[in-house]
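Participant: Have a look at the structure that comes next, please.
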Amino acid sequence: MAAGLATWLPFARAAAVGWLPLAQQPLPPAPGVKASRGDEVLVVNVSGRRFETWKNTLDRYPDTLLGSSEKEFFYDADSGEYFFDRDPDMFRHVLNFYRTGRLHCPRQECIQAFDEELAFYGLVPELVGDCCLEEYRDRKKENAERLAEDEEAEQAGDGPALPAGSSLRQRLWRAFENPHTSTAALVFYYVTGFFIAVSVIANVVETIPCRGSARRSSREQPCGERFPQAFFCMDTACVLIFTGEYLLRLFAAPSRCRFLRSVMSLIDVVAILPYYIGLLVPKNDDVSGAFVTLRVFRVFRIFKFSRHSQGLRILGYTLKSCASELGFLLFSLTMAIIIFATVMFYAEKGTNKTNFTSIPAAFWYTIVTMTTLGYGDMVPSTIAGKIFGSICSLSGVLVIALPVPVIVSNFSRIYHQNQRADKRRAQQKVRLARIRLAKSGTTNAFLQYKQNGGLEDSGSGEEQALCVRNRSAFEQQHHHLLHCLEKTTCHEFTDELTFSEALGAVSPGGRTSRSTSVSSQPVGPGSLLSSCCPRRAKRRAIRLANSTASVSRGSMQELDMLAGLRRSHAPQSRSSLNAKPHDSLDLNCDSRDFVAAIISIPTPPANTPDESQPSSPGGGGRAGSTLRNSSLGTPCLFPETVKISSL
């Protein structure tokens, strides 16, 4: 026992001595003391998803929204949380930035939405980490290019319809840039395409050797020299068409300076200029070489097909977007050509009858070898020349193959962007067509029901209900809206303009009104306004309550969509559905088939000097009203016509 105690006692003493420095230090504070330092937990509620973090974590970046006192504007005292109506998935990356100091860009999120979230929280895009910075910039550049191309396509392509008062230049430019807008533009589009093809084919055919007849010499001559008159007439017709097109485009261009600097304008000038120079320059031996050189430029007419081919335009956009990669390829090839041409010249310099007479002469061999063509007109004969020729061939394959995937990816990207843009435009056209069709269909059905007596009154007194027969929910709601409009405006629905006509509607009196006000009522003997207040007949502008436009009393107003007409009572009219003589009107029906819509008429302010009492909708002297529609027979027109608007 004593031996065992003597064994472990030195170790115990050593351990006690080791603990002495720690025992002299004060004990750590209790857990409750830590909360008094001011480091508290903040709860951030982002669209219902709660995030918790330390206050000191957010205070690291005081120039941002969460790190500054501006976040107190979003504090909810009832729940004790900071509420932000933003994207919670995006906020996760924002909060990680406060924790780690590195901002990461999510791949699955839209880059534009990510930028909007950064702008809201006061973070700059330069804070994106190095791991995501390159991809972030590429995606942002691609998105900017796509938006710019879509905007340009909308401006030059199937944009919105031109207003009714558009100028001749605007209509011409729209016809040139979008031939499918009208039949005449489409015909001109195909005519110019036909003459472009004729010009290119004639330029090729005139160089084919043609044999003469048996009686004449059998010496072959080009077809252009044997039949000069025919080719001159074809060339003249084509150039006249191209000249007329160019002048019309120049006249209709929104910016003529920009049009003159465009690539297609230069192509048009190069295509037609040789013809006019050939007419002015005399044909003699001194200028024959220059004349032949000018005729070569006629081949550039083939680039006019780029206006008629979407694939050629995509190829042009691809080459434009790959300018940096193509520049790198050209620079690399130039360096390799100079190096290998120099090596091949000195390797073949000592041989007899060598074709490598100089370094520029060796350029041809190097270019043909690096592009893997290998014509065989120049070949090395020494062992060193063959070795360096093999290295030149392999290096050419590597240098040329490197930029190809980048060009292919850009072409695929631009092609799919154009496909998506075309699809969006087609979907927009279909959507607008469906809206017009549904609107026109329900309107015509409403008029037909009125003509056939399909709409009847049921009930009496304040229990007015509109009975319908075999109609869809959309039709029922639309008909109910028109019915309520009739009751509140004291006029029957007669006709509805089309969608495009309604957008371009112009008031006959030069005035517009944004609400169905009392100024839209007819003024005359026996009308509602004249019977209640004769001063309304004066043409004096007033400001109505709940109205943003100043209207004129006693003037005929054209507001938006509908037209009303007062005339005598007819057997099939629904005069009982309009305003009643008493003041209590049931504006909505109690049927379950409809969505109630309350439509109120703004009334003049009570402090108007010349109006003591508002007019009653059921004033005396109001004649019965009937239906007027062009499809229902010849209507009887009366001079008191007023147009009312749909809501």
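Positions of Cβ are set from backbone N, Cα and C atoms, glycine also.
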Participant: State the residue range annotated as region 'Disordered' by Swiss-Prot; the candidates are 24-43, 144-163, 404-423.
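Facilitator: It is 144-163 that Swiss-Prot annotates as region 'Disordered'.
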Participant: Look up ASN45, ASN355 in Swiss-Prot and give me whichever carries the note N-linked glycosylation site.
Facilitator: ASN355
Participant: Do you know which of ASN352, ASN470 is annotated N-linked glycosylation site by Swiss-Prot?
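Facilitator: With Swiss-Prot as the source, N-linked glycosylation site is noted for ASN352.
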Participant: Other than its close neighbours in sequence, what residues sit by the intramembrane segment (360-371), given a CB gap under 8 Å and a spacing of at least six beyond its ends?
Facilitator: 333, 336-337, 340-342, 344-345, 378, 389, 392-393, 395-396, 399-400
Participant: Select the most exposed residue of HIS104, CYS131, where exposure means the fewest other Cβ atoms within 10 Å, treating these as the binding-site residues.
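Facilitator: Selected from the binding-site residues HIS104, CYS131 on minimum Cβ neighbours within 10 Å: CYS131.
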Participant: Quick test of the contact rule: Cβ under 8 Å, at least six residues beyond the ends. What residues does that give for the topological domain 'Extracellular' (380-386)?
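Facilitator: Result: 344, 347-348, 350-351, 354, 356.
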Participant: In the three-state scheme derived from DSSP, which category covers HIS104 (Zn(2+) binding site)?
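Facilitator: Once the DSSP labels are grouped into three classes, HIS104 (Zn(2+) binding site) ends up as coil.
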Participant: List, by number or range, the same-chain residues at least 6 past the topological domain 'Cytoplasmic' (309-323) whose CB is under 8 A from its CB atoms?
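Facilitator: Beyond its ends, the topological domain 'Cytoplasmic' (309-323) has Cβ neighbours at 145, 149, 403, 406-407, 410-411, 414-415, 418.
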Participant: List the residues in the vicinity of the Zn(2+) site, defined as same-chain residues other than HIS104, CYS131, CYS132 with C-beta within 8 angstroms of the site's C-beta centre.
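Facilitator: Along the chain, the qualifying residues are ARG102, LEU103, CYS105, VAL128, GLY129, ASP130, LEU133, GLU135, TYR136.
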Participant: Mind checking which residues reach the transmembrane segment (387-415)? Cβ under 8 Å, same chain, six or more beyond either end.
Facilitator: 142, 149, 314-315, 317-318, 321-322, 325-326, 328-329, 332-333, 336, 340, 343-344, 347, 365-366, 369-372, 374, 380
Participant: Using a Cβ cut-off of under 8 Å, list the residues of the same chain at least 6 residues beyond the topological domain 'Extracellular' (346-359) that approach it.
Facilitator: 338, 365, 377-378, 380-382, 384-385, 388
